[in-house]
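Notes for the one structure printed next.
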């Protein structure tokens, strides 16, 4: 089985496998990464439910839901088509089955990561801002007067469109890509560590006689590759979330290095 078949599977499978559960899990993750006072996942769930009811768990979901199919299709399509093009370029015969080259997979994965930031940066920013605007934030933690921002105050943003227009008006178009440097440092290595293990694992567990991987092989390879990718991307994902949430009430961080330094000084490696 060639990597061309695996690339075709990559174009079809992930869109149907992620969507709503992924967005919901990212909701609690963003609160834990950029918020304060939760302590644990269960504590976050309990606090959000007490303060915002069931609707709080779906805050900021409309924009990602409306765009995730396009986002996944473009990102996985970029990887599949670029990897196929590079493989055929190496072969020199477009009609021949392309052979797999690690350099092709690496370059295609990096391109997919770059596209992911370009498309997903503004969507992720709006989602984080909508989720974090109700986060109780202690100004004492920001080096300001030791009082707590009043919970229940009018939200900064009324919805995704208002959030988008407010960011553009107050921060300019560049404001839509706040945290993009951290997102690049997360997504480019992250997609490399997803696509490459996925391709190798799919080929390894698929018998030679089969034209392509079975659904079980796709699920297994995708699960292992996803665990590898997110296990290594999580530290920079924390930094990305904190940079994007920064500015909802006050601005705390001056950049990626400053965010890393402050987070480590205040919370240590457990951050």
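Note: Cβ is positioned from N, Cα and C throughout, glycine not excepted.
Annotations in TrEMBL come from automatic prediction, not curation.
Listed in TrEMBL for this protein:
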type	residues	note
REPEAT	1-85	repeat 'Solcar'
REPEAT	100-204	repeat 'Solcar'
REPEAT	213-271	repeat 'Solcar'
Number of helical, extended and coil residues in the repeat 'Solcar' (100-204), per DSSP: 77 helix, 2 strand, 26 coil
Secondary structure tally of the repeat 'Solcar' (213-271) (DSSP, helix then strand then coil): 46 helix, 0 strand, 13 coil
Mean per-residue pLDDT computed across the repeat 'Solcar' (213-271): 87
